[in-house]
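Feature annotations, courtesy of TrEMBL:
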- ASP13, HIS201, HIS203, ASN237: Mn(2+) binding site (BINDING)
- 4-266: domain 'Pyruvate carboxyltransferase' (DOMAIN)
- 390-512: region 'Regulatory domain' (REGION)
Amino acid sequence: MGKVKIFDTTLRDGEQSPGINLNHKEKLDIAFQLERLGVDIIEAGFPASSQGDFQSVKDIATQIKNSSITGLARSKKEDIDACWEALKQSAEPRIHVFLATSPIHMQYKLKLTPEQVVERAVESVKYAAKKFPYVQFSAEDASRSDWTFLARIIEATIDAGASVINLPDTVGYGMPKEISELFEYMTKNVPNIDRAILSTHNHDDLGMGVANSLAAVQGGARQVECTINGIGERAGNASLEEIAVGLHIRSDFYKTGTNIQLNELKRTSALVSRYTSMPIPKNKAVVGSNAFAHESGIHQDGMLKHKETYEIITPELVGATSSNPLGKHSGRHAFQEKMKELGFKGTADELNQLFQSFKTLADKKKTVTEDDLYALMIDQGEDEQVQTYSLQALQVSYGTNQTPTATIKLVKSGDKEITEASTGSGSVEAIYNTLAKLTDYEYRLTDYRIQSITEGEDSLAEVHVKLSKEEQSQSGRGVAHDVLEASAKAYLHAVNRMLNEEKRKKEPSTVG
Ligand SMILES: CC(=O)SCCNC(=O)CCNC(=O)[C@H](O)C(C)(C)COP(=O)(O)OP(=O)(O)OC[C@H]1O[C@@H](n2cnc3c(N)ncnc32)[C@H](O)[C@@H]1OP(=O)(O)O
Ligand SMILES: CC(C)C(=O)C(=O)O
């Protein structure tokens, strides 16, 4: 049996997670990391849904060479046309067309009869196949669809030109046995099934996303759709890292594997977590910080005697350890070596700047971990974007019987220095009141979260904020050794993103 293809939808279904809003650069960075991870197919977005999605899919399709790129389209000519415009320059243009097949979706959402759904699906797949060499058709809500009807629409769409058929558990309703039987049934009962490969796409509403994906492989699926860290609509999608490691560790059972470079999993997960502002739960399988931590005496004793007593996955397998910790006495060579290992692709000048930031941090911290270095790299990436405002100096005066006051100096548009002071009921509020005056904007703070990137008293602080203004909202993050500085940086990050977005919206549209 060949390898199972991994179809990553972090940039499409993953971005549908409430609260996630990735910008163009973040999407490209994630796409490059997914390519490095060995993902077979990257679903880069839904081109007809917005100008931003269109542009990201187009740029990802032209820049990524070692993974195939696809985009989502409803069964509508306009969506298929937008997808083609975005993907026509990719080495292997692929489209993902979908239409719901469950009674509830057909009747209430689409307001179409089953006959009309078959007609519409066939018409769309035929139209897409005139442009694209690879067409995937998804029968949305397949797990709640009638199996005989599903077999009929699968046969018809394969005849119309689909070479991949996806049977999603759209609302996370299926149970593993049921999902595996669904795939077995289609494999046996669709006469032309050997002309297509079957794909599975599972949501986690009942916590079954990964179990259902693996059950589908048992039932005959040869492509698995999933996301990094399991992000996605509602409770999320099945997580790529758990599926890839599950198929690897239990290859004795599944008799197949994937092209995923497992030792890239940890850094991919960290990058996606940082960019989406979605922290990884400590106990998350494979990539959580407790995944390889053994706490109790009996377990520790077992581990000391023989690691395999309690460890079925080694941290090294998924790229989770750093054997050469960096600190204040580390030099350029060790630093450069580590950055190479972490996938740094910048110029010598950028590396030099990073080295300076690393030295500043190492003066304050005992050990600089991989997570700290990722944070520095991501911070530097932000510097490459247009930053209308940057933080020059911050001073906060605070005392138990005193109103907190923040004095802040910013640099505006690269050269103009502006200074303001303001009070607040707490230090962070004083900072935000001052920044609101300085940036001359009326934002509402709708989310504020602090996370320590690493463990220990001297860890870096990461603050995530969400600012809203009328219908718009933008998230921002700031990393610093000090929580107040990280809070100021996060606010400015969101303001700069908001301003960039406003500027981009004023630029002429190029969709279609
Ligand atoms: C299961 C999934 O994850 S599917 C992907 C879901 N992702 C998204 O929706 C994110 C991006 N979506 C968007 O930006 C918007 O919804 C758009 C641009 C696609 C459409 O926006 P609007 O035109 O304003 O329509 P709206 O979202 O309100 O309604 C969806 C319409 O698409 C129709 N529709 C839904 N699925 C399909 C489909 N597969 N094929 C054809 N039409 C469809 C609905 O019936 C509805 O049509 P109606 O207006 O005739 O009632
Ligand atoms: C478009 C389809 C595959 C989807 O995202 C779902 O059904 O969840």
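A Cβ is built for glycine as well, from the same backbone N, Cα and C atoms used for every other residue.
Sequence features, as recorded in TrEMBL, placed on the structure.
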residue	record	DSSP class
ASP13	Mn(2+) binding site	coil
HIS201	Mn(2+) binding site	strand
ASN237	Mn(2+) binding site	strand
For the region 'Regulatory domain' (390-512), give the DSSP counts of helix residues, strand residues and coil residues. 37 helix, 56 strand, 30 coil
Enumerate same-chain residues with a sequence separation of six or more from HIS203 (Mn(2+) binding site) and a Cβ-Cβ distance below 8 A; give 'none' if the list is empty. PRO168, ASP169, THR170, VAL171, GLY172, GLY209, GLY232, GLU233, ARG234, ALA235, GLY236, ASN237, ALA238
Around the recorded Mn(2+) site (ASP13, HIS201, HIS203, ASN237), other residues with Cβ within 8 Å of the Cβ centre, ordered by sequence, are THR9, PRO168, THR170, ASN202, GLY209, GLU225, CYS226, THR227, GLY232, GLU233, GLY236, ALA238
Please list residues from the chain of ASP13 (Mn(2+) binding site) whose Cβ is under 8 angstroms from its Cβ, counting only those at least six apart in sequence. GLU43, HIS201, GLU225, THR227, GLY232, GLU233, ASN237
